[in-house]
Amino acid sequence: MKTWYMVVVIGFLATLAQTSLALKEEDCEVCVKTVRRFADSLDESTKKDYKQIETAFKKFCKTQKNKEHRFCYYLGGLEESATGILNELSKPLSWSMPAEKVCEKLKKKDAQVCDLRYEKQIDLNSVDLKKLKVRDLKKILNDWDESCDGCLEKGDFIKRIEELKPKYSRSEL
C-alpha cells in the first residue's frame with residue numbers, strides 16, 4: 001500500500017514539474033507568435049500534409065521582415081538559410097500541436113529560436129522624452145525613417161521628435 005502511495009505522489013510531482021517547465025509565450029515570443037500566425041493562415045487541406053506546410057512556410061517567409069525574417073532563417077525557410085529544421089515545425093503542425101509545444105521542440109533543436117525578442121514600443125503620448133536615453137531618441141527617429149542632421153545634444157533630438165510627432169503619432173479618440 002505504501003509503495004502504491006509513493007508511486008502516486010511521484011507521478012503527481014513529475015506532472016507538476018512538467019507543467020511548470022512548459023514553455024510560456026513570453027519565453028519565446030517571436031517563435032510562438034510567428035508559428036501561431038502561420039498556422040492560422042493555413043487552410044484545412046494544407047494542415048494535414050507536412051510537405052505542403054513546408055512549402056507554405058517558405059512562401060510565408062518571403063514576406064516576413066525583422067525578427068520573423070530571422071526566425072525563418074533559423075528554421076531553414078529562406079533560400080540563404082545555412083541549416084534546416086523545417087520538419088520540426090511542419091510535422092508537429094500537421095498533428096495540430098499548439099504553437100507553444102512546437103516552439104518547445106524547436107528550442108531543443110536550436111536555442112537561438114527563443115533568443116529572438118520583440119523590441120518594446122515606446123508610447124509617445126505618455127512617455128517623458130527627457131527621461132529617455134539618446135539611443136532611444138535616435139531609435140524613434142530611425143523607426144520613422146527620419147534623421148536629425150546637426151543634432152548633438154539630447155535637447156536637439158527631443159526638439160526634432162516634437163516637431164515630427166504630429167506627423168507620426170497616432171492619437172486615439
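Glycine is treated like the rest: Cβ placed from N, Cα and C.
Taken from Swiss-Prot, the feature signal peptide covers 1-22, and the record attributes it to sequence analysis. Taken from Swiss-Prot, the feature disulfide bond covers Cys28-Cys114, Cys31-Cys103, Cys61-Cys72, Cys148-Cys151.
Using a 10 Å radius centred on the Cβ of Cys114 (disulfide bond) and all shown protein chains, the other Cβ atoms total 20. The Cα atom of Cys72 (disulfide bond) lies nearest to that of Cys31, taking the disulfide-bonded residues Cys28, Cys31, Cys103 as the candidates.
Just so you know, the Cβ of Cys61 (disulfide bond) picks up 22 other Cβ atoms within 10 Å once every protein chain is counted.
Look at Cys148 (disulfide bond): DSSP puts it in coil.
Rounded to a whole value, the Cα-Cα separation of Cys151 (disulfide bond) and Cys114 (disulfide bond) is 37 Å. With respect to their backbone Cα atoms, Cys31 (disulfide bond) and Cys148 (disulfide bond) stand 35 Å from each other. Put plainly, the disulfide-bonded residues Cys72, Cys103, Cys148, Cys151 were compared by Cβ crowding within 10 Å, and the winner is Cys103. Candidates Cys61, Cys103, Cys148 (disulfide-bonded residues) were compared with Cys28 (disulfide bond); those inside 10 Å Cα-Cα are Cys103. Each of the disulfide-bonded residues Cys28, Cys31 was scored by the other Cβ atoms within 10 Å of its Cβ; the lowest score goes to Cys28. When the disulfide-bonded residues Cys61, Cys114, Cys148 are ranked by how far their Cα is from the Cα of Cys103 (disulfide bond), Cys114 comes first. Between the alpha carbons (Cα) of Cys61 (disulfide bond) and Cys148 (disulfide bond) lies a span of roughly 33 Å. Secondary structure at Cys72 (disulfide bond), taken from DSSP and collapsed to helix, strand or coil, is helix.
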